[in-house]
Every structure is written in structure tokens, then in C-alpha cells.
Amino acid sequence: MLQTFLRSKQSLTHHLPSRPFGFFVAQDYNPDFKSCLESQHLIKSDKDYRFAVVGCGPAGFYCAKQILKNVANVRVDIFDRNPHPFGLVRTGVAPDHPEMKKIEKDYEEVLKDTERCQFYGNVWIGANGGVSISKLKELYSGVILAYGATSERDLGLPSEKSLLGILSSRQMASWYNGSLDKDVLYDQDLALEQVKNVVIVGNGNVAMDISRVLMKDPEKMAPHDIPTPVLEHLRKTRINSISLVGRRGAVQSAFTIKEIREISRIPDLTMYALKQELLDSFTEASEREQHPDFSVHARGIQRRTEFIKQTSVILENEEQVREVVERKEGRKFILRYLNKPVELLGEQRVKGVKFERMRLEGSAGDQRAVAVEPKQVTTMDCELLIKSIGYKSQPIEGITFNTKTHTVPNLMGCVLNDKDEPQPGLYVAGWLKRGPSGIIDATLRDSVETFRIIKHHLDNEMLPEKHTKPEDVQKAILENAANHQVVDYGDWQKIDAVERQEGSSRGKSREKILHKEEMLSISKKV
Amino acid sequence: MLAQAVRYFSVGLGHPPSDTENPVRFNFVYTRDSQSIPVLAREGETLLEVAHNNHVDLEGACAQSLACSTCHVVLEERIYDGLEPAVEEEEDLLDLAYGLTLTSRLGCQIKVTRAMEGMTVKLPSATRNFYVDKSKVPSIERSHK
């Protein structure tokens with residue numbers, strides 16, 4: 001079949017030597033190879049297209065990559081409110097997971113394609129002096145919203161906003177990663193030197209990241225990119241216990257086994273769980289959720305549950321919990337289940353949380369936590385409460401927004417208007433599209449799905465041709481803010497070089513710059 | 001010369017072996033698209049490296065560090081059974097892989113051997129999963145990496 005095909009497509013393959021089954025190797029390629037590869041773009045239209053991506057994190061990058069690989073005559077402009085690219089890879093991935101940051105090398109290759117891809121850093125899109133969505137629609141054939149989630153879900157309890165010592169997991173990650181969003185007041189609010197016991201509500205992977213950063217030996221993290229001021233605070237921190245509280249049962253734990261395994265290996269740290277909370281976790285429905293017949297991921301769930309059961313020291317009751325927490329030696333990591341926070345205690349700073357005991361109700365895959373009757377209340381003491389119940393996206397002016405799920409309504413990545421009609425030319429990808437959960441693999445597949453719709457629109461000539469030039473984009477940015485400083489890829493490389501150099505002089509991979517003004521002044525230098 | 005081909009980040013040498021290197025020949029297939037992609041491999045290369053060298057679209061977000069499952073592959077039973085079992089770290093990541101099967105492994109952990117000659121490797125998480133009109137592309141499906 002391939003032989004016949006080869007013969008019939010002379011113009012494309014005349015430079016290839018005849019070979020059985022069409023194998024060819026690098027050395028056979030002649031200068032026409034470039035055009036041969038180019039001819040493999042899925043969309044070969046003569047038309048000129050321009051795409052804008054709002055948000056330069058994983059979702060934005062994967063969309064840009066898909067477009068650049070598959071569309072012949074295209075330019076992709078990626079905007080970000082920060083002067084740096086990479087989004088949560090820089091401000092979310094924990095500082096003790098440097099291998100995950102390697103993905104930046106992959107993303108850099110997209111930015112290096114400066115003929116076809118431009119980074120516009122330090123540019124706000126939307127209301128309040130930014131470039132509007134309608135302006136972007138004028139300049140671009142398509143606009144992809146991939147700006148993620150910059151807020152968090154609340155517990156919805158009184159005093160939540162007034163008590164000190166209550167932070168979201170997003171704020172914690174921003175703090176230990178040196179995010180330019182200065183929304184953590186260390187001395188007043190976080191003040192780790194005052195903290196002995198921590199309660200974390202929510203048991204996903206970010207909760208695990210925070211636990212590790214608080215309990216690991218700071219010297220182990222020192223050689224990577226954790227900011228020096230953060231390291232200095234951690235060196236003076238002596239956390240005694242962390243209670244990780246899930247509203248549902250052990251089988252519904254949101255963390256992955258990789259993370260719990262890592263926690264269990266931290267020296268001088270013991271993992272605990274409560275006997276009755278574990279027993280009550282194993283409803284018939286939960287057992288079903290772990291059965292291979294239920295889903296292909298059941299095996300993984302079972303491995304995780306087994307690990308929890310085998311590795312935790314089992315405590316009989318609250319009294320034993322208190323006894324363990326009061327011990328002077330060793331650090332304690334306590335897995336709590338079937339507890340929901342109902343009251344925050346403390347006058348100026350939080351000093352404890354009251355929880356109501358839950359039980360599971362519902363069918364496999366759909367179990368909910370319901371309060372037990374009669375009410376059972378537990379108080380957990382703490383000087384720091386972390387809400388790890390989810391990041392939350394925010395709306396952007398000009399685009400419909402689902403205020404329940406905090407996502408942009410869409411059909412496989414094409415934005416829907418308020419009448420539920422798809423809007424060709426407007427797309428969404430990443431957490432803004434599907435909600436703020438999932439690892440990088442999910443974001444990758446999600447961006448590919450969005451591209452599939454874009455491709456469908458391109459194939460059917462539903463997107464306008466555009467010839468927008470960089471000068472046109474600059475003009476649009478400066479229209480709203482006359483002296484605005486845009487950071488391009490070359491500028492980022494200068495900032496990057498300074499960070500790596502500073503890091504190198506301190507035995508670190510990178511010393512992150514913590515102030516936007518500093519980044520901007522470096523990028524201005526010739 | 002391969003200016004466009006090497007433009008995107010990849011693991012491995014960046015090009016497949018030549019005939020004189022006595023390569024192992026096998027096939028990748030995208031599950032949503034039955035077209036088989038013949039590739040050339042050097043013994044000892046990981047399946048992810050082979051994919052990148054032959055410009056097959058398989059992501060490796062963490063560059064073979066056992067920190068993600070984007071390079072998830074599905075092997076033929078006979079090949080799967082002949083391999084050393086996965087280490088705990090790989091099992092942990094496989095638990096999360098999209099399209100997980102009983103013969104799934106991470107492509108960055110499998111090294112090519114002679115016994116793999118002629119095998120077919122399925123790529124459930126490959127990013128090139130569009131229907132391809134075969135009359136419009138050259139004979140060998142190559143994508144940029």
C-alpha cells in the first residue's frame with residue numbers, strides 16, 4: 001500500500017530513495033526535507049491566521065504548540081499578566097519537585113520560535129486598563145482563554161476573613177514559590193515561627209505539597225529554586241503536627257499515592273489515622289469503588305487505600321490523638337476523614353477549628369458526606385489553618401461565566417454565549433475550561449481537544465484571515481496605558497539569566513526575583 | 001539541516017539510526033487513527049526517545065524523570081509479559097494514566113531490545129489524534145517534535 005502511495009506522490013517524495021516499506025533516515029534528507037515537513041501541516045491553507053492565547057502557562061503553551069505544529073501560515077501571540085511565562089509550573093509546582101520544572105525547557109522551544117510566536121509579558125487582558133476581548137477579536141482570527149485560576153474557594157464560615165492565620169493553599173504555594181502576587185502578609189498572617197500545629201482542610205495534592213514543604217528539611221530544598229527569604233523562614237520553623245482533614249472517606253482521598261509515599265519517607269515524621277474514621281470509610285459503595293470491575297483506576301485507588309492502612313499508626317480515639325500531638329519528640333502527620341469544618345475558633349488569630357463528624361451516603365462513584373446523628377463535634381487545635389478546597393477562576397469582561405462552577409461555558413473548548421451557542425473564534429483551555437483540578441497530562445489532552453475544534457473551524461473557513469503585525473499589537477496595548485512596559489521573550493531571557501546567576505552564586509539552581517519592578521528594570525537594561 | 005524537526009524539545013539523539021546500525025524496527029499506532037507508523041530504534045533507547053527520534057508525537061513532560069504519565073504506552077501482551085515489572089514509582093504514575101490498560105507502561109521506562117522487532121505500540125495519550133486524510137499527507141506520517 002505504501003509502495004503504491006510512494007510512486008503516486010512523486011512530487012513529495014522524489015528525493016527519497018526507494019526502500020522497502022518506505023523507511024527513510026535522516027541522512028537521506030535533502031534541503032527539500034524542510035518543505036516536506038512543512039507539507040505535513042494539517043492545515044495548509046494559503047490564508048494568514050493569527051491567534052492570541054491569554055495565559056502563558058501549561059494550557060496556553062499546549063494550545064500554542066498545537067497551532068504552530070499544525071497550521072502553515074500562522075502566528076501565535078501569548079499574553080500573560082506577569083513578566084514571566086510558565087504560570088503554575090513556576091508558581092504552583094512545589095520547590096522540592098524540580099524535575100517537574102523541566103517542562104519549562106519544552107515550553108521554551110515554543111517561545112524560541114520568534115518568527116511565529118511572540119510572548120507579551122506584563123500585559124493585562126480585560127477591563128481595568130487592559131486590552132479588551134473585543135480588541136483581541138479585531139486583531140486575531142481566534143482568541144484562546146487559558147488564564148487559569150487566581151482565586152480560591154472559601155469555607156463559608158464566620159470570621160474566615162477576619163481571623164489571622166487562615167490562608168488558602170493557593171496563597172501558601174504563591175508564598176513558597178515566590179509569586180509576584182504579594183498576597184501573603186508573612187509577619188502578621190502566616191508567621192510560621194508562632195505555629196506548632198497546622199490544620200489543612202482538603203486532602204488533594206496541593207495540601208500534600210504544603211505538608212512536605214513545612215515538614216521537610218529546608219536544606220534538602222536549598223539547592224533548587226525556593227526563594228532564599230522563604231528558606232530562611234522555614235529554617236526557623238518548628239511544626240509539631242499537621243492534620244489533613246477530608247470531608248469524605250479514605251477511599252475518596254484526593255491525593256495521589258506518589259505524594260503520600262513521599263510524605264511517609266520524611267525523617268522523624270509519623271503518619272497516623274483514626275480507627276473508626278477508617279472503618280466508616282469502607283461502606284459497600286467505597287469497596288465497590290476499589291474493585292477492578294468498577295473502573296480502570298480502581299486498582300490505583302486500592303493501592304492507595306492499602307498504603308494508608310499499612311503505613312499509618314492507627315489511633316483508637318481523640319484522646320489518643322491529643323496524647324500523640326502533645327508528645328515532645330517527633331513530628332506528626334495525621335490523616336483525618338469524615339469531618340467537616342463548622343466553626344473557627346480564636347480572637348485575633350485562629351486557635352482551633354470545630355468539625356462535625358460525617359458519614360457516607362450514596363452509590364459508588366457518587367457518595368456524599370452527610371452529618372451523623374446525633375451530632376458529633378471534634379475540636380482540632382491549630383495556629384495555622386489552610387484551606388485546600390480548590391482554586392477558583394475569575395470571570396473576564398466580555399465572556400460568559402458559570403458562577404457555580406467558576407468556569408467559562410464551552411463546547412469542547414469553543415466558548416458558548418449566554419444563549420448556549422458556540423462562538424467560533426473564542427476558545428478556552430486548561431483549568432478555566434474544565435475546573436481547577438488535574439495534573440499536567442489532563443491539561444495536555446484538554447488543549448488538544450480545544451485545538452480539534454479550532455481545526456474544525458479552520459477547515460470550514462469559519463475563522464477570519466488576519467495579517468496583524470507586532471506593531472498593531474503594541475499599539476493596542478499602549479492605547480490603554482501609554483507608558484506600559486511590555487516584556488518579550490528576549491527580555492525574559494535577561495531576567496532568567498539574572499535569576500540563574502544569582503542562584504549559582506548561592507549554590508542554587510535559581511534565585512527568583514520577587515518584585516515585578518525589579519524584573520521590569522532588568523528587562524529594560526540593554 | 002533538520003531545522004524544523006529539531007525545533008521542539010525532545011529526548012534522545014534527535015534522529016533515528018541508519019540501516020548500517022542494524023536498527024530494531026517496530027511500529028507505533030495512534031489509537032484513534034489506525035495508521036501504523038514504522039520507526040527505527042537503537043537497542044537500549046527508551047520508547048519515548050524512539051518516538052522523538054522518529055518524530056512521532058508523544059509528549060514527555062518531565063523529560064523521563066518519573067514525574068508524570070504523558071508518555072503512557074500500551075504494549076502487546078507478549079512484549080509486556082517479557083519485561084521486568086515496573087518499579088513502584090512507575091506503578092504510582094500508571095495509576096493515573098488516561099486510557100490505562102492491563103498492558104500499560106510508561107514509554108520513558110522501557111528500553112528497546114531485539115525481541116521487540118516487529119511489535120506494535122499503541123499511544124493512547126498521543127497528541128496527534130485527528131483523523132488524517134491519507135491522500136493529503138506524504139507516505140510516512142511524521143510530525144514535528
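Here the Cβ of each residue, glycine as well, is placed from N, Cα and C on the backbone.
Between the candidates A:E193, A:E259, TrEMBL assigns the NADP(+) site shared with A:N203, A:G204, A:N205, A:V206, A:R247, A:R248, A:G438 to A:E259. According to DSSP, the compositional bias 'Basic and acidic residues' (A:500-519) comprises 10 helix, 0 strand, 10 coil. Note on the domain 'FAD/NAD(P)-binding' (A:50-216): mean pLDDT across this stretch is 95. For chain B, the nearby binding-site residues by a Cβ gap under 8 A, listed in sequence order, are A:I439, A:I440, drawn from A:L88, A:G204, A:W431, A:I439, A:I440. The two recorded residues, A:G438 (FAD binding site) and A:E259 (NADP(+) binding site), show a Cα separation of 14 Å.
Here the candidates are the binding-site residues A:A59, A:L88, A:I125, A:W431, A:I440. The one whose C-alpha lies nearest to that of A:E259 (NADP(+) binding site) is A:I440. Remark: A:L88 (FAD binding site) has A:G57, A:P58, A:G148 as non-local neighbours, by Cβ distance under 8 Å and separation of at least 6 in sequence. Nearest neighbour of A:R248 (NADP(+) binding site) by Cα distance, taken over the binding-site residues A:A59, A:I125, A:W431, A:I439, A:I440: A:I439.
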